[in-house]
Amino acid sequence: MGGMIIPSITLNDGTQMPQLGFGTWKLEQDQAYTSVRRAIEVGYRHIDTAAIYGNEVEVGKAVRDAVAAGDVTRDELFITTKLWNNQQHEPGVAFQQSLQRLGLDYIDLYLVHWPCPKQDQFVSAFEGIARIQGLGTVQSIGVCNFYAEVLRRIIAETGVVPAVNQIELHPGFPQLELQNLHRELGVVTQSWSPLGQGSLIDDPVVAGIAAAHRRTPAQVILRWHVQQDLVPLPKSGNDARIAENFNIFDFHLTQEDMVALTALDSGRVGPDPLEFPA
Ligand code: A2P
């Protein structure tokens, strides 16, 4: 490995974010620790966790140990965590708890995890996160799972444009309208479940394109994200697949490939943010 440079994307606050991140949802305990160490070893510089994943302690320890071992410096890493729904009324408290579990001096990106429209606290939650931003312990702020209406509302009511909206997005669910709104507003789109939680790996269209490029289905799908200026966050607990998913910066899909992948229509794999939590 080594030597492979990940392109970065500039956020609306001027910060640079590596365009591929390592997803950690469902990685627990030892596996969270070893997978994050492995990801950093193969070259990932962007790690995505959340309070609700229950692995901030292990993720943070992996980051600190990687820095202590000389694999990377802290400033080369981009670490994200998220405010869980039951703490939308106390974002400052929740943030400090995450920071403590991670054992880090600062995090790079803090996100409101779900809008939870029925709870209707997302405006003050985002406003609270925006206040923390000035204190030096969080570089950038944003949201996840925000659809157009709630995205426009936080901007109108707080005057702050989130740097990022992290949404479910993959070839079976390309979210073209929301992608366009993000471009218009200057919000970077991060893709969660970029591989459709594995459901697209066996698709024959994906397989055909992968064979043509002598790549794997996962690499083709992740390349589809990168070529649209999206930031995919693939998760894997497997050493070989962690490395496989990183090696996507030395080939190009054709316009035809891109169109064929976007036309796949598997739909959502996760919950609808309008309804969540049910
Ligand atoms: P595993 O952790 O065993 O590698 P997503 O990021 O879209 O949610 O997808 C994650 C799922 O896809 C996990 O089940 C993961 O399993 C699997 N996965 C991750 N990378 C690959 C890959 N390169 N090839 C096949 N499956 C993969």
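Placed from the backbone N, Cα and C atoms, the Cβ positions cover glycine too.
All annotation found in TrEMBL is predicted automatically rather than curated by experts.
Per TrEMBL, the features are as follows:
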type	residues	note
ACT_SITE	Y53	active site, proton donor
BINDING	H113	substrate binding site
DOMAIN	20-264	domain 'NADP-dependent oxidoreductase'
SITE	K82	site 'Lowers pKa of active site Tyr'
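Between the C-alpha atoms of the residue listed as 'substrate binding site' and Y53 (active site, proton donor), the distance comes to 11 Å.
Note on the domain 'NADP-dependent oxidoreductase' (20-264): mean pLDDT across this stretch is 97.
Around K82 (site 'Lowers pKa of active site Tyr'), the same-chain residues at least 6 positions away in sequence with a Cβ under 8 Å from its Cβ are T49, A50, A51, I52, Y110, L111, V112, H113, C144.
Other Cβ atoms within 10 Å of the Cβ of the residue listed as 'substrate binding site' number 22 in total over all chains. There are 20 other CB atoms within 10 A of the CB of Y53 (active site, proton donor), with all protein chains counted.
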